[in-house]
Amino acid sequence: MAHSYMRPVLLIALLVALIALPSVAQASGYNAVTSLATRVLIYGIAAASLNFVLGYGGMVSFGHAAFFGIGGYVVGILYQHFALEEPLLGLIPGTNQMLITLPAALLVSGILAAAIGALSLRTGGVQFIMITLALAQMLFFLFVSLKTYGGDDGLIIRRTNELPGLNMRDKHTIYYVCLAVTVAFFALLYRLVHSRFAQILVGLRQSERRMAAIGLSPYRYKLVAFIISGMGCGLAGALMANFLRYASPDMLHWTKSGEFMVMVILGGVGTLFGPFIGAAVFIVLESLLASWTEHWQLGLGLILLLVVLYTQGGVQAVFSRLPGRR
Amino acid sequence: MLKVSGLQTAYGRSQVLFDVELTIGEGEVVTLLGRNGMGKTTTVKSIMGLLKPLAGEILFCGQNVRGATPESVARRGVGLVPEGRQVFPTLTVRENLVATAANRLGRSDAWTLERVYELFPRLSERVDQSAATLSGGEQQMLVLGRALMTNPKLLILDEATEGLAPVIRREIWGCIEALKGEGQSILLIDKNLSVLKRLADRHYIVEKGRTVWSGDSAALDRDSELVHGYIGL
């Protein structure tokens, strides 16, 4: 790729800007920008996770909200048991420590992704879309009817999870924690996307038969990719529950899966940065349009239409075609 | 190494193979001849497990592989270079070669990128180019290289030179000859009878889904009238 030496420079510039963002926002009186940026980072992780199966593996999952929501509920449920001081199922003690809740969210969403993937990956195409959607909706209705954990109303998390040595009541601290997690996630994703595993995944998208005839079992590779992707969404959900101090069935609703997909498409399917850019565009548009009209989805829909019809690869593709860069 | 007998295969209700026989020994180069639509590719697909045969026996290294999945057949050591240019278009040349590389049988003289580039110098000039940008001949070389990188015991080339320029064709034939020299077992399907006669040890002719003739290159010359009747040259 031409200008590849520009990449590290741009990355570092971006990172510096992200680190400076809360101070700049505070100084200029736009404190809300920090909260907005936190949401962009979290949704970026979720969208990038979906993009790993959708963009690289060609698996159009319409049920990734399930993993996002379960990640949030892990944080919420562990907090509730911590607050009430009664162990979950009489066995697992609750906790408000982020160093425990985030890995727990990864584990649970990974197990859920293994179960949903094992069932849905036996199909393909439209059936796959419908089965992931259906399984995610089942989970949504389960949590709606689960009165112990708030049912329809969701779970309020009175205090953000603790991290040793940090004041987690500070919005800036939460932003920096999310930024650190995002950077670590991105680094892992970068390695993953440039691994043999991702190349095989791309090959599978192009032809499963061809891969099978070379001796690779499509199902196994796709399942592993699906689990990784589900865990990424679970991580995002756990962060979101911490940020909002709230876990609700809305996080599991199919419209959330749709939002992730819109972010991926807006940003650029099958690219490393695309989903993060897509998440930023989506969140900013949502807040801008929503301040003008309550029918903000109409405006967003039109913009999505334009992006799909005219950008050939999302906002990310427009950037990379800007004059002076190639 | 490979022994196929009494093979019967159908696409849905229409049966294509009725009685295909085929044997390939260690280090042998064997061809499968016949006009279009006589069942050559169907035979290959049946061996690979891409189609499920109705009856018959497919023994690979003494084990029955009839009805096995394509991935398990490939893992046992059958490398297929299929019809058409079946590269992974968005991956680069290097990625195409490396992504699926394996040495499942633990061969000591395993194929490496360097050896593949040595065999096909054209590929070494296009290492970081995406496979979609290669010419047809280069793509076919890439598919052959990809198959070699899995270190197959038996290499199957199904019309590997179909539709390629004569220069490229000669280059590929040269490579196959080199592979034969290294003791690689190969099943060849092609239309270029004069080359096949020189390159291969033995030949099989299929006609309407049955093996109707088999013999070595000398016998092919001796029975030329009969052979031409079957192949229509």
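Even glycines carry a Cβ here, placed using N, Cα and C.
If you look up TrEMBL, you'll see A:1-27 marked as signal peptide.
The transmembrane segment annotation in TrEMBL covers A:37-54 (among others). Long-range Cβ contacts of the transmembrane segment (A:37-54) within its own chain (Cβ-Cβ under 8 Å, at least 6 residues beyond either end) map to 18, 21-22, 25, 60-61, 64, 67-68, 171, 174-175, 178-179, 181-182, 185-186, 189, 192-193, 222, 225-226, 228-233, 235-237, 239-240, 243, 259-261, 263-264, 267, 269-272, 274-276, 278-280, 282-284.
Taken from TrEMBL, the feature transmembrane segment applies to A:61-79 (among others). For the transmembrane segment (A:61-79), same-chain residues at least 6 beyond its ends with a Cβ under 8 Å from one of its own Cβ atoms are 46, 49-50, 53-54, 88, 94-96, 100-101, 104-106, 108-109, 112-113, 116, 120, 128-130, 132-137, 139-140, 143, 149-150, 154-155, 157-159, 161, 226, 229-242, 246-249, 251-258, 260-261.
Under the heading transmembrane segment, TrEMBL lists A:99-121 (among others).
The feature transmembrane segment is assigned by TrEMBL to A:128-146 (among others).
Away from its own ends, the transmembrane segment (A:173-193) comes close to residues 15, 18-19, 21-22, 34-35, 37-38, 41-42, 44-45, 48, 52, 56, 98, 102, 160, 163, 166-167, 228, 232, 235, 239, 242-243, 272, 276 of its chain (Cβ-Cβ under 8 Å, at least six residues beyond either end). Per TrEMBL, transmembrane segment is recorded for A:173-193 (among others).
Marked as transmembrane segment by TrEMBL: A:219-240 (among others).
As annotated by TrEMBL, transmembrane segment applies to A:260-285 (among others). Away from its own ends, the transmembrane segment (A:260-285) comes close to residues 36, 39-40, 43-44, 46-48, 50-51, 54-56, 62, 64-65, 68, 186, 189-190, 193, 233, 296, 299-300, 303-304, 307-308, 313-317, 319 of its chain (Cβ-Cβ under 8 Å, at least six residues beyond either end).
Annotation comment: TrEMBL describes A:297-319 (among others) as transmembrane segment. Beyond its flanks by at least six residues, the transmembrane segment (A:297-319) meets 262, 265-269, 271, 273-274, 277-278, 281-282, 285-286, 289, 325 of its own chain at Cβ-Cβ distances under 8 Å.
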If one takes Cβ-Cβ under 8 Å and requires six or more residues beyond its ends, the residues near the transmembrane segment (A:219-240) are 39, 42-43, 45-46, 48-50, 52-53, 56-57, 59, 61, 64-75, 101-102, 105-106, 108-110, 112-114, 116-118, 121-122, 177-178, 181, 185, 189, 192, 197, 200-201, 204, 211, 247, 251, 260
Sequence-distant residues near the signal peptide (A:1-27) by C-beta distance (under 8 Å, 6 or more away from its ends) are 33-34, 37, 171-172, 175-176, 179, 183, 325-326
